[in-house]
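> Features from Swiss-Prot:
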DOMAIN    37-139  domain 'Ig-like C2-type'
CARBOHYD  N102  N-linked glycosylation site
REGION    170-186  region 'Important for CDC42-dependent filopodia induction'
SIGNAL    1-28  signal peptide
TOPO_DOM  29-147  topological domain 'Extracellular'
TOPO_DOM  169-200  topological domain 'Cytoplasmic'
TRANSMEM  148-168  transmembrane segment
Amino acid sequence: MRPLPSGRRKTRGISLGLFALCLAAARCLQSQGVSLYIPQATINATVKEDILLSVEYSCHGVPTIEWTYSSNWGTQKIVEWKPGTQANISQSHKDRVCTFDNGSIQLFSVGVRDSGYYVITVTERLGSSQFGTIVLHVSEILYEDLHFVAVILAFLAAVAAVLISLMWVCNKCAYKFQRKRRHKLKESTTEEIELEDVEC
């Protein structure tokens, strides 16, 4: 086999070098990106419940994680932190938020006003970022209303039972009183008849 001319060897070497450089650049760009996974994009909850807004991310280095809340009442920042450091929690959510190193947060004792959109932004130190949204619906606890109605009905039933018992007792007393009165009337009538007989 004849050796290739030196010009062809150079172009083949350059093209292989360019190919290797492109592969390395693609791998480098891929490793610098941020990926974010949200297992549950919509959460339904009831009042006073503790809610976990669960996410997972992957990136090189330590990112900055930020959660914001958006609803009919406006948009506000909830918390910002870097995993392994102390979180900067807003005043509106002090003592109501717990952060996790995987980017998740837990909201304690949610209310109807907590319904809305929760947006997480994960920003890598080189500037690339990724965001995701979780929708939270918080509804009133229906059984509390039913409990209130049940208590009122039980109270009314107890009052009705007491009234019926009082009516029964009053009826018995009235019956005894009438019986006594009839008996006295009978006695007085008998005495009158006897007196009339004696007078005659």
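Glycine is treated like the rest: Cβ placed from N, Cα and C.
What you are looking at is a predicted structure, and each value in this text was computed from that prediction instead of being measured.
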> Around the residue listed as 'N-linked glycosylation site', how many other CB atoms lie within 10 A of its CB?
13
> Could you give the mean pLDDT over the region 'Important for CDC42-dependent filopodia induction' (170-186), rounded to a whole number?
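When the pLDDT values over the region 'Important for CDC42-dependent filopodia induction' (170-186) are averaged, the result is 82.
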> How does the topological domain 'Extracellular' (29-147) divide up by DSSP, counting helix, then strand, then coil residues?
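Counting residues by DSSP class gives 16 helix, 57 strand, 46 coil.
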